[in-house]
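Structure first, commentary second.
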């Protein structure tokens, strides 16, 4: 089953899923969790 979070380096723009890393955030510029 797919986890309900965004893996490091995966595209995140346009989704409301959180980053799997709680210390990361979605960078709209890089379009990935940083």
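Each residue, glycine too, has its Cβ placed from N, Cα and C.
Annotated features in Swiss-Prot:
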- 5-20: disulfide bond (DISULFID)
- 12-26: disulfide bond (DISULFID)
- 19-33: disulfide bond (DISULFID)
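Taking the C-alpha atom of residue 5 (disulfide bond) as reference, the shortest distance to any of the disulfide-bonded residues 19, 26, 33 belongs to 19. Considering only the disulfide-bonded residues 19, 20, 33, residue 26 (disulfide bond) has 33 as its nearest partner by CA-CA distance. A distance of 8 Å separates the Cα atom of residue 19 (disulfide bond) from that of residue 12 (disulfide bond).
In this view, residue 33 (disulfide bond) is surrounded by 22 other Cβ atoms within 10 Å of its Cβ, with every protein chain counted. Cα of residue 12 (disulfide bond) to Cα of residue 20 (disulfide bond): a distance of 11 Å. Residue 12 (disulfide bond) falls within neither a helix nor a strand when secondary structure is assigned with DSSP, and so counts as coil. Annotation: 12 carries the greatest number of neighbouring Cβ atoms among the disulfide-bonded residues 12, 20 [cut-off 10 Å, Cβ to Cβ].
All protein chains shown were included, and the count of other CB atoms within 10 Å of the CB of residue 26 (disulfide bond) stands at 21.
Cα-Cα distance from residue 20 (disulfide bond) to residue 33 (disulfide bond): 8 Å (rounded to the nearest whole number). For the disulfide-bonded residues shown (5, 19), fewest C-beta neighbours within 10 angstroms: 5.
According to DSSP, residue 20 (disulfide bond) sits in a coil region rather than a helix or strand.
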